[in-house]
Amino acid sequence: MYSMTEKQWWSGRVDHATDPAYFRFHQAIQLKDIASRKRDNDLKGSIALIGFSSDEGVRRNKGRVGAAKAPYEIRSVLANLAYHLEKLSIFDVGNVSCIHQQLEESQEELGKYMHYLLQAQSTPIILGGGHETLYGHYLGARQYVNQTTKLGIINIDAHFDLRNDFLPTSGTMFKQILEQDKYAGYLCLGIQKWGNTQALFQEAAQYQSNYILAEDVANDSQTIKLIDDFTKQHDYIIFTLCMDAVEATAAPGVSAPSPLGLEPKIVRDLIRYIVAKPNLLSMDISEVNPVVDENNKTVKLAAYFIADAMQSMQNRKNML
């Protein structure tokens, strides 16, 4: 179900009412209703934030629910960050919510709005939601490009999400995609050996998935080369960040915390590098769970990651 974002989520400190040099995000974000999905020239060249309020996939995956609240909580933190993106137009275009446990329908709806935003030549950033967010993200991107276009998916995650379950969950998306789409490719950065069974490593090999273990991500040259090679092998890429890839001391508010996860600065550097790629279509950030967070740590970190991503997108636009 689609709904427009309420202004209350974009409020905060005002140091100056009219001088952009003093602005925070809440003074620069524009709210837009896209329910009709009519042609809108205002979106061209913009960044569009869209929420996916769902943790049904997490529930089905026997995880800790609460991620459905994340899109709103991330906005409330992002609202008060200092604004340094004066060369960008940024819209909040609302939310798609999963109601009555109808995950598949809500993923399809998210896909339709993603397709609309991409057609409008906007760069969407999805605020998840459980990692089931990624499947709706993919549906929109695949609909936007033709069916034989090589579409690469870069995932920063502790888990492969290649599970074989009876129903779609927050752990099945990549298996769903790779089984049905021979033109899709998969690169995962940050895999935890103790968080994935041998069977899942075998699944990754079967689908010719590329990955780097969390302990090896800090090897900059190896990681960068893999990202570069993967990006060049695909016509377009989409990017998804699962916050459980981050070490639990910095990101405790997730369904499955990672004691030996990636350092936030490493994740930030990866985000900056990936979203600067000229063939990037869109990104999502998933698995933030405000219900189990500690002092809003994970929500704040997610907001900072999004701000950094937008900064890199601005730099990319300046270079094109």
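Each residue, glycine too, has its Cβ placed from N, Cα and C.
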Given TrEMBL lists Asp157, His159, Asp161, Cys242, Asp244 for Mn(2+) 1, the same-site residue among His131, His137, His234: His131
What are the non-local neighbours of Asp157 (Mn(2+) 1 binding site), defined as same-chain residues 6+ apart in sequence with CB under 8 A from its CB? His131, Cys188, Leu189, Gly190, Ile191, Thr240, Leu241, Cys242, Asp244, Ala245
Cβ neighbours of Cys242 (Mn(2+) 1 binding site) where a neighbour is any other Cβ within 10 Å: 29
